[in-house]
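Peer 1: Got a structure for you, questions after.
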Amino acid sequence: MKIHEYQGKEILRKFGVAVPRGKPAFSVDEAVKVAEELGGPVWVVKAQIHAGGRGKGGGVKVAKSLEQVREYANQILGMQLVTHQTGPEGQKVNRLLIEEGADIKQELYVSLVVDRISQKIVLMGSSEGGMDIEEVAEKHPELIHKVIVEPSTGLLDSQADDLATKIGVPAASIPQARAILQGLYKAFWETDASLAEINPLNVSGDGKVVALDAKFNFDSNALFRHPEIVAYRDLDEEDPAEIEASKFDLAYISLDGNIGCLVNGAGLAMATMDTIKLFGGEPANFLDVGGGATTEKVTEAFKLMLKNPGLKAILVNIFGGIMRCDVIAEGVIAGSKAVNLNVPLVVRMKGTNEDLGKKMLADSGLPIISADSMEEAAQKVVAAAAGK
């Protein structure tokens with residue numbers, strides 16, 4: 001689960017991390033009112049969407065008068081903000097963050113992530129803040145510094161000081177940087193975050209260290225422990241299909257292709273998408289119905305996929321272990337009839353009750369294209385999507 005920058009800063013503030021004074025605004029008049037309350041002479045008007053690259057897309061403006069605050073708020077609110085993370089369609093801006101201006105002298109980068117290789121938390125930092133860290137990592141990997149944090153001990157002061165020194169924090173500002181890194185780590189740990197990022201971490205001309213941005217991602221599996229985090233959820237920023245899928249315990253992610261995928265198991269789902277791409281197709285979604293799929297879940301999965309206007313074909317790829325093939329077949333038949341399926345459907349099933357499942361599909365009277373292997377299924381669905 002993602003949250004907005006201003007919400008991330010609320011969390012950082014609770015853990016003692018220095019952030020600029022600011023408040024969210026949901027209208028132009030409210031933006032001006034917040035600016036008046038903060039006092040000038042400089043304010044920053046920032047679009048709030050769940051994507052990075054807002055500045056380059058025109059979603060961050062520096063205002064030097066209340067008239068400019070009004071002008072920029074009017075420009076940004078309601079716009080379709082396009083960044084490298086939103087795709088060409090962009091995301092609509094429904095809220096702003098109005099902040100006091102900052103004296104920017106040195107922009108740094110720090111973040112915390114879970115490293116699946118070491119199975120520990122990794123603190124990362126770079127002297128190249130204020131820009132896309134992916135670009136820095138690709139072109140100048142030597143500028144990315146990493147610290148492995150032992151969960152049993154937490155982030156040590158010596159580790160925080162060492163990283164701060166490596167990324168260029170002046171010696172006089174090291175104690176402030178240490179406090180910010182410790183606060184960031186505690187926020188990450190206590191909220192069950194999967195990512196906590198400050199970019200940029202600013203060192204001002206007088207040596208003050210302040211987090212000018214905040215980005216958090218949270219482990220959705222741990223949200224039951226954090227109602228205060230769930231309260232930050234903004235459904236307007238999420239894919240409606242993914243929201244609908246969560247109601248039926250379906251793991252669904254929308255993609256840009258035209259071939260729908262219905263699979264049981266995340267690993268098989270990813271392998272299925274890879275195989276489709278291998279044969280020249282493009283998956284329209286990731287959809288894992290899980291090991292306990294019911295007829296209702298399969299029917300809802302079909303409904304979700306068919307809401308995509310660009311859908312050209314569907315591939316159902318099932319390995320029947322815990323999940324029985326006859327149950328999937330029943331769901332495929334019911335789902336196809338319930339939604340009046342009007343795109344080609346390729347089905348490949350292997351495992352428990354495989355023969356029964358295939359017979360049910362054959363006897364259904366539906367124009368289902370059968371396949372015995374994943375490669376054959378992928379080739380057939382790619383051809384069907386192309387109208388061949």
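A Cβ is built for glycine as well, from the same backbone N, Cα and C atoms used for every other residue.
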Peer 1: According to Swiss-Prot, GLY321, ILE322, MET323 bind substrate; which one of ASN264, ASN285, ASN342, ASN353 is annotated to that same site?
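Peer 2: The record-listed residue among the candidates is ASN264.
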Peer 1: Given that Swiss-Prot lists GLY53, ARG54, GLY55, GLU99, ALA102, GLU107 as binding ATP, which residue among LYS46, LYS92 does it place in the same site?
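Peer 2: Checking LYS46, LYS92 against Swiss-Prot: the ATP site match is LYS46.
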Peer 1: Please give the greatest C-alpha separation between any two of the ATP-binding residues LYS46, GLY53, ARG54, GLY55, GLU99, ALA102, GLU107, in angstrom, as a whole number.
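Peer 2: The ATP-binding residues span at most 19 Å between Cα atoms.
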Peer 1: Find the shortest Cα-Cα separation between ARG54 (ATP binding site) and the binding-site residues ASN199, ASN264, GLY321, MET323, and name the residue that gives it.
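Peer 2: Going through ASN199, ASN264, GLY321, MET323 one by one, the Cα closest to that of ARG54 (ATP binding site) is ASN199.
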Peer 1: Quick one: give me the count of other CB atoms within 10 A of the CB of ASP213 (Mg(2+) binding site).
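Peer 2: I count 25 other Cβ atoms within 10 Å of it.
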Peer 1: Which of the listed binding-site residues (LYS46, ARG54) has the least company, meaning the fewest other Cβ atoms within 10 Å of its Cβ?
Peer 2: ARG54
